[in-house]
Amino acid sequence: MDVFKVSGNGPLNGQIKVGGAKNAALPILAATLLTDETVVLRNVPDLSDMRFMLEILRHVGAETVQPEPGVWEITSKQITHIAPYDLVRKMRASVCLLGPLVARMRKAEVSIPGGCVIGPRPIDLHIKGLKKLNCQVEIANGYVHVDASEIQGGPIFLGGRSGSTVTGTANIVMAATLAPGTTRLECAACEPEVVDLCNMLVKMGAKITGIGSPELVITGVEKLHGCEHSVIADRIEAGTFVIAGAITRGDVTVKGIAPKLLGAFLDKLEEAGLPMELGEDYIRVLPYEGSLKTVDVVTLPHPGYPTDLQAQLGALMTQTEGLSIITERIYPNRFMHVPELQRMGADISIEGPSAIIKGATKLSGAPVMASDLRASAALILAAFAAVGDTWIQRIYHLDRGYERFEQKLSAIGAKIERLKDTDMPKELLED
Ligand code: EPU
């Protein structure tokens, strides 16, 4: 298995470019099933999650051609309605197949994705939305079975315990594009990735208004057609690089990202006193003296502070003098990185849904274990600020969502190497 060896190496300096957004590309890939014409997608990141999704698309009948890196031409002339467990279990986002299959095939059998380390990931809202579209939905033998022969648009309130749902919104919008009548979706997710999906659906011929707002109105059409679409930039990757600059007190320009996609995040960093220069499509982090200020953060659906940048901000706050409180409102268990940061010397306690971080602590390198995608990023960021070597195991989590992470960061001065676990000193290896 691959591991990272990261050594604190002082300030990072230079320019780093953001790739296509994983969480936009996944439902967009699923949306290619909505038409029998060819869809050309650009700026698709090269990630293991994309490979899983492409494998599932091929399984249901899509032809996938990659004429050049980052570009996929997908044609789904004839497809089946079944997405089996052995493929779906590899990635929760494969639940995004429900909407397109229901719309195009008027039936779907999609395995329910398994558990997740960051907390329960129910799909009750996806099911509620489909039922409101007059579909018959049954759960049997680990699968969601949908009979959509009588599908019909209508009013749907899609809010849950934590507010809106990102992939739930994607599914219901996709299902409604080809449903007779008008669907009025209230409490729709407003994340930029949902906006990107809707924009692509409009290019395919869908009728959607209210894009980017919590109320989407979808008027069903007979047929969708092929289109060309370029996936938006990954705001979470961009935010992770911003923190890489901040935690090393470097001068880092994160290119290819519109700062407006990161409003709540940049607002918190501004409150912390991080000097930044914002351009149309870049964020430059500048060096600073002394300590940043502590911040209190609560994760919320967009435009609130994103849960996918919670762990990384926590890493930065270990280097900030005073008490910071980070409250996680989307995924109750998303603090799996905390015991690992503690092993590096961080002073963090968990009180209910909040992490209380006391800084600034001197971090020192240690062998640590990544538990999920964003936790992996947080551990690497902490390792940049630590004295000595940090060995990070289970980095396959990171490979799901960060493209060429170590190459991009090495190019601006990070000391990060991908090695095999057999290269690790024996006494540091997990059992
Ligand atoms: N929820 C329900 N019922 C549902 C669906 C969701 O109660 O039917 C709850 C969830 O338990 C959670 C909240 O609603 O508390 C929000 O979940 P959401 O459905 O929005 O999450 P998701 O669509 O499964 C996407 C991203 C996640 C990101 C969240 C929140 C993709 C493929 N995944 O997940 O990304 O954290 O939205 O923004 O888009 C990541 O990239 O690391 C990641 C986990």
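Every residue gets a Cβ built from N, Cα and C, even glycine.
According to TrEMBL, the residue from ARG89, ARG92, ARG161, ARG284 that belongs to the UDP-N-acetyl-alpha-D-glucosamine site alongside ARG121, PRO122, ILE123, ASP124, LEU125, ASP308, ILE330 is ARG92. One residue stands out among the binding-site residues ARG92, ARG121 for having the most other Cβ atoms within 10 Å of its Cβ: ARG92. Around ASN23 (phosphoenolpyruvate binding site), the same-chain residues six or more apart in sequence whose CB sits under 8 Å from its CB are ALA93, VAL166, GLU191, GLU193, ASP234, ILE236, ASP308, listed in sequence order. For the pair formed by LEU125 (UDP-N-acetyl-alpha-D-glucosamine binding site) and LYS22 (phosphoenolpyruvate binding site), distance between Cα atoms is given as 22 Å, rounded to the nearest Å. In this structure, ASP124 is the one among the binding-site residues ASP124, ASP308 with the smallest number of other Cβ atoms inside 10 Å of its Cβ. Around ILE330 (UDP-N-acetyl-alpha-D-glucosamine binding site), taking its Cβ as the centre, 22 other Cβ atoms fall within 10 Å, counting all chains.
Taking the Cα atom of each, ILE123 (UDP-N-acetyl-alpha-D-glucosamine binding site) and LYS22 (phosphoenolpyruvate binding site) are about 20 angstrom apart.
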